[in-house]
Amino acid sequence: MAELKTINTWHGQEDSIPLETSVNVQIPAYDNKAFTDYPHVETFVVNGKHATKSLDNELDANPVDDETSRFTIVVGRVQKAIFDFKQKNKDVLNTIFKLVLLLAYFAYFAYAMYYRFGDEGSWRLLIVTILASLGILLNLFLSYRRRKHEDDGDSGQCTVKLWKVIAKIRLNIVLPIVLTIGFIVYIIVDVGLNKPRNLISLAGIAFFVVSFFLFSHNPSKVKWRPVYWGIALQIIFAMLILKTSWGHDAFEWLGDRVSEFLAYTDAGSQFVFGELYEQHYFAFKVLPVVVFFSTFVSMLYYLGVMQAVIKMVGKFLSFCLGTSATESVNAAGNIFIGQTEAPLLIRPFLKDMTNSEIHAVMTGGFATIAGAVMAAYILYKVPANHLLSASAMSAPAALAMAKLFYPETAKSKHSDKDVYKFSKGSERNMIEAASNGASMSVKLVANIGVNLIAFVALLHFINATLTWFGDRVGVDNLTFQFICSYLFWPISFLMGVDQDDCKIVAELIGTKIFLNEFVAYVDLSKFIKNQIIFDDYISNYTSLFNTTAENLTDAWYWVGDNIYLNYTGTTLERGLIGNRSVVLATYALCGFSNLSSMGIQLGALGAMAPERKSDMSKIVFRAMLAGNVACFLTACSAGIFL
């Protein structure tokens, strides 16, 4: 037996064909190179017969006789031609494919508008189409401008520099003056004359800003542009949502759509846990929402939607506040994703960032909540429209407080161009992206569950201990909430909370800071549910007795801190708080700024940049305070217009 090596190799290994000594091996007449760029089959001629070898299987060491190899050769050439054509015209084919999809969608859209227009669904389709079209046009415009600047060379750079100078003048001098004058006039005419109580919220903003300036790390280095514009954007956003009918309706509609979308989780929960899954509300109703939302966000990442939105919001914040690209991108990311996920967008730059930039990154994480966690709060009847607006409003406020509490004294080392280049995920298709998103949520779900078990148990232990100590000296009902109700009462009052509800909101703030915001929102949801039960009760019995609520004098009464509904025998524990107080509490609690999150952030950021962990540990407490105050400022901004 003799062994004759073939000419061709694949995957770095030579293969041999065992042959008899009399065997004649011929190199085929066709161009074998045609198959090297499209490696599926390699063909040999052995003893006058064709033999093929699959290159898709490394374990296929020997050629296989194939009587139909001439057909295989033709198929291989066709495959090669198609592959080459696709590679050569990839951009053109992608463009044609996208245009066909776009035309097909607009054909559907036009017929849908013709078929039925005027109901909520038609307006939803119209708004989504307009927003998507604007996004496409904006992307095309930015791509064109980028290519134009590259072609223009120095002249393009001069134009960019000139635009930056003009923008700086406008944002530093002209617009602040105009906005401040307009705001003062509005406050005098509308708020001062009609709702003077709301001026307390304005005083709260002034108090927090002055306090942070006095305790700033370096007061002489404070740059007021990010402080001014961070608060200004927050106030403008609050005005649009709370004072304009279209802004209020838009966010209420958006909140309803989000709640409607999250309700689809129930199908999966019922399939896995059975029809009685709602009996274990938190474990089988709330936590699955986190899984579903995490899956959806992962799919948006695969499509590039999240990156595009974060990039756009980040550039807007950087343009208005003058903050660095790394700070702005992280703040934009915090609106949608969590305190440990958003810094991944700027992970390569963390080790070289200034202390002020790292402080801003940490503050942004403390001042906002993750979208998946927000979804869980919505199931607890926390107002969805205010949760959505709270995250968006807290992003600029976080940058403002971060730059006031820890001013920048050095220049950023990273160019905007590098920071805004987001890397793509490793997923190969949408299904893999969805599966990865669901798998990644397991850690978050477990973290939420075990933390609630631990902190609720810890809270009951602390309350039992405090009650025991209080009882030794004749003080009844000494609890953690009781202490917080006095400790944080001034903050509640300065946010503009109704005076009768200040103690309760102060308790919620204390729970958020010392335990976590999830426990605080669960406590807030009890008051929201009490209000729903009370409103239904009054509505039913006013209809039954054909009277007004004021005449139902014996329908309910207070028993200590509780409300007793006389006709149904129901007790509403802790009673009720006003709608204004519920809304302001929603804004104030909307952030991860608590003691346990300090450890979470140090662990996550320290793993991304181990060489900066010492710096991070020095500023993490400051960042946590700044994150809390950013949330309080959001509540103050809302309080001006409620």
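Backbone N, Cα and C atoms are what each Cβ position is placed from, and that goes for glycine too.
What you are looking at is a predicted structure, and each value in this text was computed from that prediction instead of being measured.
What TrEMBL annotates here:
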type	residues	note
TRANSMEM	96-117	transmembrane segment
TRANSMEM	123-142	transmembrane segment
TRANSMEM	171-193	transmembrane segment
TRANSMEM	199-215	transmembrane segment
DOMAIN	203-276	domain 'Concentrative nucleoside transporter N-terminal'
TRANSMEM	227-246	transmembrane segment
TRANSMEM	282-303	transmembrane segment
DOMAIN	283-378	domain 'Nucleoside transporter/FeoB GTPase Gate'
TRANSMEM	360-380	transmembrane segment
DOMAIN	386-639	domain 'Concentrative nucleoside transporter C-terminal'
TRANSMEM	444-466	transmembrane segment
TRANSMEM	478-497	transmembrane segment
TRANSMEM	619-641	transmembrane segment
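By the Cβ criterion (under 8 Å, sequence separation of 6 or more), the transmembrane segment (282-303) is in contact with the transmembrane segment (360-380), since 3+ such pairs are found. Comparing 96-117, 123-142, 227-246, 360-380 for CB pairs under 8 angstroms to the transmembrane segment (171-193), the maximum falls on 227-246.
Within the same chain, residues 171, 176, 179, 183, 205, 209, 320-322, 385, 389, 392-394, 396-401, 403-404, 633-634, 637-638, 640-642 sit at least 6 positions outside the transmembrane segment (227-246) and bring their C-beta atoms closer than 8 Å to a C-beta of that stretch. Mapped onto DSSP helix, strand and coil, the domain 'Nucleoside transporter/FeoB GTPase Gate' (283-378) counts 82 helix, 0 strand, 14 coil.
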